[in-house]
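Here's the structure we're looking at; comments come further down.
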Amino acid sequence: MAAAIPLSLLVLLLLGPGGWCLAEHPRDSLREELVITPLPSGDVAATFQFRTRWDSELQREGGLSVLLKADRLFHTSYHSQAVHIRPVCRNARCTSISWELRQTLSVVFDAFITGQGKKDWSLFRMFSRTLTEPCPLASESRVYVDITNYNQDNETLEVHPSPTTTYQDVILGTRKTYAIYDLLDSAMINNSRNLNIQLKWKRPPENEAPPVPFLHAQRYVSGYGLQKGELSTLLYNTHPYRAFPVLLLDTVPWYLRLYVHTLTITSKGKENKPSYIHYQPAQDRLQPHLLEMLIQLPANSVTKVSIQFERALLKWTEYTPDPNHGFYVSPSVLSALVPSMVAAKPVDWEESPLFNSLFPVSDGSNYFVRLYTEPLLVNLPTPDFSMPYNVICLTCTVVAVCYGSFYNLLTRTFHIEEPRTGGLAKRLANLIRRARGVPLL
Amino acid sequence: MGLLSDPVRRRALARLVLRLNAPLCVLSYVAGIAWFLALVFPPLTQRTYMSENAMGSTMVEEQFAGGDRARAFARDFAAHRKKSGALPVAWLERTMRSVGLEVYTQSFSRKLPFPDETHERYMVSGTNVYGILRAPRAASTESLVLTVPCGSDSTNSQAVGLLLALAAHFRGQIYWAKDIIFLVTEHDLLGTEAWLEAYHDVNVTGMQSSPLQGRAGAIQAAVALELSSDVVTSLDVAVEGLNGQLPNLDLLNLFQTFCQKGGLLCTLQGKLQPQDWTSLDGPLQGLQTLLLMVLRQASGRPHGSHGLFLRYRVEALTLRGINSFRQYKYDLVAVGKALEGMFRKLNHLLERLHQSFFLYLLPGLSRFVSIGLYMPAVGFLLLVLGLKALELWMQLHEAGMGLEEPGGAPGPSVPLPPSQGVGLASLVAPLLISQAMGLALYVLPVLGQHVATQHFPVAEAEAVVLTLLAIYAAGLALPHNTHRVVSTQAPDRGWMALKLVALIYLALQLGCIALTNFSLGFLLATSMVPAAALAKPHGPRTLYAALLVLTSPAAMLLGSLFLWRELQEAPLSLAEGWQLFLAALAQGVLEHHTYGALLFPLLSLGLYPCWLLFWNVLFWK
């Protein structure tokens with residue numbers, strides 16, 4: 001989705017001390033938040049599906065949850081939902097705790113489809129709803145719109161209505177600016193009875209490539225035919241001057257028999273020796289291959305990690321019901337501390353917006369990223385599980401059984417051998433033998 | 001009992017085979033040809049049917065209406081192309097991005113082994129442009145490809161226009177489960193080959209190309225489109241791929257379904273489908289189509305850029321828009337709707353296309369002959385070689401037995417020593433020499449082109465073709481004197497042993513070829529078998545020699561060209577035919593080097609040496 005700028009909607013709802021059962025100060029503890037961010041291309045993530053109570057509970061209450069309209073949310077490129085529950089201290093000495101429930105829903109809208117080919121968006125176009133009133137229970141109800149990179153030059157884009165305040169923070173190593181719309185601010189909604197935030201591009205950005213993250217990866221199967229293949233992972237470090245290490249974790253099913261001696265890692269045309277390799281070979285039908293490597297990615301480079309494999313023949317009951325679809329190979333997992341462009345300050349969790357906690361910062365100079373590459377679909381040599389296959393199997397069995405006897409019949413000749421009487425000595429010996437009751441000669 | 005080991009019955013059987021050999025051979029050959037001709041008649045040819053459940057029962061409603069948009073795109077493309085003289089990469093990138101695709105380019109270059117005079121190219125470098133439509137909520141594990149090959153001349157701009165309009169339409173839909181790659185390649189098939197090799201990260205043909213930036217998982221199916229006019233009268237479909245590979249029959253069935261649904265006029269090999277199969281006319285017309293398909297498949301060249309996809313196990317076919325003088329014409333919307341329908345149904349696929357036939361012959365668009373039914377034809381032809389070999393073996397055996405018979409009952413191990421004693425020594429030289437000729441034929445023309453151009457006033461391409469012909473002809477002069485090197489006591493048995501080896505060699509080769517590319521195997525068997533069976537150093541030698549020359553692989557190629565044009569109702573004159581023959585030779589060598597087509601090495605390393613052995617037998621002294 002390079003052409004479109006998909007929009008990420010992040011709804012964070014936090015029920016603070018008290019939770020849903022105590023309800024001592026419900027009005028003070030509910031915080032809700034909507035963050036709208038244009039994304040760079042190549043967003044791939046796992047999809048979680050949880051069932052939560054919020055749709056029925058919160059739909060009545062107004063606020064941001066009016067936007068959660070199922071038919072719009074399922075017309076998107078991606079969505080994920082999560083629930084986090086954790087204990088939090090009520091006071092400094094932690095004598096009593098309460099529970100914090102956090103529900104998140106991340107949705108990636110395809111702005112190209114919703115905007116009819118333009119990159120403009122508005123709340124109404126995305127959700128077919130506008131915000132009419134703040135949640136009566138909420139103590140904080142805000143909408144954040146990412147307007148980074150564009151505020152130096154006000155000519156390119158326009159947000160309507162214009163925000164009253166902005167908020168700046170360092171997210172994933174870059175400085176971001178957000179326009180804040182506070183729904184509890186009575187002036188915000190009262191003007192026109194609804195709030196429909198819109199973003200318009202004054203000059204459509206023609207050749208403006210979306211900002212590329214410092215670390216991204218791509219994975220594919222190379223080669224053709226059903227005997228061999230190669231798993232290749234491309235790791236991109238687009239940081240202009242900093243090299244950083246990446247931990248690459250691969251789990252490969254046993255039916256792809258990896259040849260570890262073919263493992264090659266090259267960056268910038270040179271061999272790149274990993275500083276740490278852990279390999280646990282697969283056992284047939286018991287455990288997959290596990291390959292873990294710590295690789296140093298040079299600045300501004302592409303590193304190719306490739307390893308060859310052979311496709312195993314499965315037992316015929318081990319094939320899935322749709323064997324010709326191929327077999328999935330799970331994504332590689334990349335974990336890295338990526339250097340930041342801007343140093344991040346340690347933040348006060350209570351004061352800062354909720355979405356900050358989604359991007360943990362280990363220290364000021366770098367941030368932690370875990371990436372999952374795309375899963376792969378690998379075809380294994382598959383017998384034709386159809387009627388002709390069965391017929392062939394059966395016929396071959398019959399032929400194999402019959403062949404022996406037919407060949408025998410065709411080639412064997414029978415001769416009747418006259419019993420020869422033998423010499424005098426033999427006859428004598430037999431006489432003696434008969435008398436002794438021993439088998440004859 | 002003991003039918004084979006009982007010496008009395010064995011001798012009776014042997015006598016029967018020896019006595020009835022000639023009639024049996026003739027009968028078997030005639031049966032093979034007759035079987036092939038009978039393939040077009042209804043009990044052997046069956047109606048096609050959709051086997052894939054995922055594509056069969058689902059209904060699709062086509063909504064494509066971007067005819068004007070397609071024409072506008074096509075006009076722009078043609079204008080930009082005319083201006084820049086090459087593929088307008090920047091314009092394509094911009095346009096693809098504006099319809100919402102993820103766009104990448106790939107540059108490639110290739111130095112051909114010698115200048116290609118048909119396409120007028122030698123050092124080729126170009127750029128492929130492709131845009132990926134990412135399916136929502138999918139992990140990019142599977143994809144479909146719509147490709148338009150653009151050659152050096154300014155054809156196919158309407159296809160690019162339609163591709164872009166379809167991309168714009170597809171982009172707005174939410175039902176996609178597989179990514180769709182829209183690929184425009186430069187230098188038609190060379191670009192496709194470069195892209196495919198880069199996509200699968202292999203290098204088969206020595207192409208230099210930049211690595212691909214964007215991928216979309218395993219390609220499930222591909223459709224290549226060739227359109228050069230705003231309106232079409234019919235759509236022609238090409239299925240024959242590299243080395244005679246064919247796509248799964250279901251893909252063709254899918255195309256046919258949408259032809260019928262949209263009321264499009266669809267042709268196969270440029271021939272309309274006969275309506276009436278019960279009378280004689282239908283099957284006769286079907287035979288014409290069938291022969292055209294056999295000739296095309298036998299040539300082993302990719303007929304359209306889909307042919308290169310088949311190596312990577314991507315089911316693919318080429319659709320060609322034909323604009324002839326027919327009255328009723330269809331616009332781009334009709335073609336677009338057919339394509340939309342095909343892609344939507346391919347999008348439904350749960351598994352790779354595998355249900356239907358991979359090996360088939362087509363006497364019409366809705367009729368097919370399956371492998372089980374056409375294989376007997378070539379089986380009968382090869383039986384001739386088997387019978388002849390058996391006869392020779394028995395004659396050699398009989399001769400050997402004559403010496404031993406007074407000794408006692410001959411066991412099954414008897415025939416070996418005497419016949420081999422003569423055979424082996426005298427066989428080594430002709431076998432080696434003819435194989436060496438084949439190797440020279442394979443290697444020298446391309447290797448020696450520069451030497452040839454220095455010493456003779458010819459261009460490289462001509463030099464290659466002329467060297468080919470020279471070595472081929474030289475082969476006729478060389479080996480029939482070779483056996484003189486080895487002195488033999490029994491000259492008669494010498495040639496018999498050689499012919500026996502040659503027959504078995506030929507039968508093995510033809511059998512293997514027929515399994516992988518039936519058409520080629522059948523055509524070669526039809527022509528080579530009679531001459532091979534007849535060749536012997538006695539009798540009307542000039543007649544045999546003429547027959548053998550007429551059925552040599554090169555003469556076969558020439559004959560096929562004439563038959564091909566005859567069937568297309570555009571007969572060739574002799575001079576034209578010769579020109580076409582020379583061009584075909586050059587193309588054959590080129591296609592081997594650029595795409596990995598196997599016909600040239602097969603003929604030069606396998607069949608030509610084998611044929612030389614028969615030539616050798618004929619001139620055995």
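Think of each number as a place in line: the chain as shown, counted from 1.
Any Cβ shown, glycine's included, is placed from N, Cα and C.
Marked as transmembrane segment by TrEMBL: B:20-41 (among others).
For B:357-385 (among others), the entry in TrEMBL reads transmembrane segment.
Summarising the annotation, TrEMBL assigns transmembrane segment to B:422-444 (among others).
Residues or ranges marked as transmembrane segment in TrEMBL: B:456-478 (among others).
Summarising the annotation, TrEMBL assigns transmembrane segment to B:498-523 (among others).
As annotated by TrEMBL, transmembrane segment applies to B:543-564 (among others). When Cβ-Cβ distances below 8 Å are used as the criterion, the transmembrane segment (B:543-564) is approached by residues 291-292, 295, 298-299, 469, 472, 476, 523-524, 527-528, 530-531, 534-536, 571-572, 577-578, 580-581, 584-585, 603, 607-608, 611, 614-615, 618 of the same chain, each at least six residues removed from its ends.
The transmembrane segment annotation in TrEMBL covers B:598-620 (among others). Sequence-distant neighbours of the transmembrane segment (B:598-620) (same chain, 6+ residues past either end, Cβ-Cβ under 8 Å): 243, 299-301, 430-431, 434-435, 437-439, 441-442, 472, 475-476, 479-483, 491, 494-495, 498-499, 501-502, 505-506, 509, 513, 520, 524, 528, 531-532, 535-537, 541, 544-545, 548, 552-553, 588-589, 591-592.
Here the transmembrane segment (B:422-444) lies next to the transmembrane segment (B:456-478) in space: the count of CB pairs under 8 Å, restricted to residues six or more apart, reaches at least 3. Each of B:357-385, B:456-478, B:498-523 was scored by its Cβ pairs under 8 Å to the transmembrane segment (B:20-41), and the highest score goes to B:357-385.
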